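**Q** This structure is in structure tokens; I'll ask about it shortly.
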Amino acid sequence: MTMNEAFVALNWQTVPTLPARSPQAHKGSFGHVFAVGGGPGMGGALALACAAAYRVGAGLVTAVGHPSAIPYLAAWLPEATWRDWPARFGDLPEQAVLAVGPGLGQGLAAHDLLLEIGTLSHPQVWDADALNILARFGPELLAADAPRLFTPHPGEAARLLGVTVAAVQSDRAAAICRLQARYGGYWVLKGHHSLLLGGAGRWLCPLGNPGMATGGSGDVLTGILAGLLAQDLAADKALSLGVCLHARAGDLAAARMGEASLLARDILAAVPHALQELAQNHDGN
Ligand SMILES: NC(=O)C1=CN([C@@H]2O[C@H](COP(=O)(O)OP(=O)(O)OC[C@H]3O[C@@H](n4cnc5c(N)ncnc54)[C@H](OP(=O)(O)O)[C@@H]3O)[C@@H](O)[C@H]2O)[C@@H](O)CC1
Ligand SMILES: Nc1ncnc2c1ncn2[C@@H]1O[C@H](COP(=O)(O)OP(=O)(O)O)[C@@H](O)[C@H]1O
């Protein structure tokens, strides 16, 4: 058996879904996502991640961004609260989930933020520049134990392993296993047929399309995963549901607008439809 065969294809009809909401629920029942990123010129990445966390059901979302990102974010997503960099996380609520990296940049301020986040035990999603900084500083940056989901594209995976993108792509299964061995946690190696490595499972996502190869698409996935963790989904479930939901939303959006025209915000807009489809699948099962 090759390593690739050990990764089982996920099935959209049976992927885990969100539990039904209690009639007594309030926003505090659905967790609080703190999305950290939005460095100069990249507020959009942070905004997409925040909106995606809300769209999958997070009760509250706070954007932690560079001051230049905030006016735009406040106008585009008034549902989010926000904090400026430099931020400190001493007062994080117990139920907080962190999503770090979308548009973060790789300067000193970003490094300081990650140094502190690495000491927190709250569940975390690490993406984009958080991964680039992790590649530079190594696993010591992950000082405290915490449930952590890492979401590299092949370029980020190559930096984390110190190899070329071609080496990652030539044996994606070996690459994701090496990533987990080096850094711990739960992983998705993004791209055509994303591979997922959880605590208990090795999966492949057969959904998605090359229309999703567009700026901001991965930022939407980061927000989705954080929003699911915030609702107390176990890391394995959040990983398999989140990656499939994102890819299915991408397929629904591509069916409407075509692959070439797809924008990350179209994937975001299709997330509620994909979630409703999933709920119907489960009702029918
Ligand atoms: N609106 C905003 O604010 C947005 C802000 N953004 C923010 O920008 C920051 C930089 O992030 P980034 O991903 O754009 O740059 P970077 O890490 O250098 O990776 C690019 C290189 O990686 C590789 N590569 C990637 N995918 C691959 C694949 N599937 N298959 C194979 N290779 C692949 C590829 O390498 P190559 O093939 O060229 O060798 C490529 O050149 C980050 O903070 C992010 O959040 C973006 O999210 C966009 C929207
Ligand atoms: N050819 C493809 N087939 C399926 N999914 C793809 C393809 N290309 C990109 N994607 C998906 O789109 C997303 C792109 O993420 P990423 O490269 O981090 O973009 P960004 O940094 O611009 O947000 C990932 O979820 C990836 O799996």
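The count begins at 1 with the first shown residue.
The backbone N, Cα and C atoms fix where each Cβ goes, and this holds for glycine too.
A TrEMBL annotation is a machine prediction, not a hand-curated record.
Note that the structure is a prediction, hence the values are computed from the model and not measured.
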**Q** A45, H153, D219 show up in TrEMBL as binding (6S)-NADPHX; which entry in G103, G105 does that record put in the same site?
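**A** The record-listed residue among the candidates is G103.
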**Q** For the AMP site that TrEMBL gives with K190, G191, H192, H193, S194, which of G215, G216, G218 also belongs there?
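**A** Of G215, G216, G218, G218 joins K190, G191, H192, H193, S194 in the AMP site that TrEMBL records.
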**Q** Give me the sequence-ordered set of same-chain residues, not including K190, G191, H192, H193, S194, G218, with a C-beta within 8 angstroms of the centroid of the AMP site's C-beta atoms.
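**A** The answer, listed by sequence position, is H153, V188, L189, L195, C205, G208.
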**Q** If you count other C-beta atoms within 10 angstroms, which of the binding-site residues H153, K190, H192, H193 is the most crowded?
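**A** Most Cβ neighbours within 10 Å: K190.
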**Q** Taking just the CA atoms, what is the gap between A45 ((6S)-NADPHX binding site) and G191 (AMP binding site) in Å?
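**A** A45 ((6S)-NADPHX binding site) to G191 (AMP binding site), Cα-Cα distance: 18 Å.
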**Q** Since the record lists A45, G103, G191, S194, D219 as binding-site residues, which of them has the fewest other Cβ atoms within 10 Å of its Cβ?
**A** G191
**Q** How long is the line from the C-alpha of G218 (AMP binding site) to the C-alpha of H153 ((6S)-NADPHX binding site), rounded to the nearest angstrom?
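**A** Cα to Cα, G218 (AMP binding site) and H153 ((6S)-NADPHX binding site) are separated by 8 Å.
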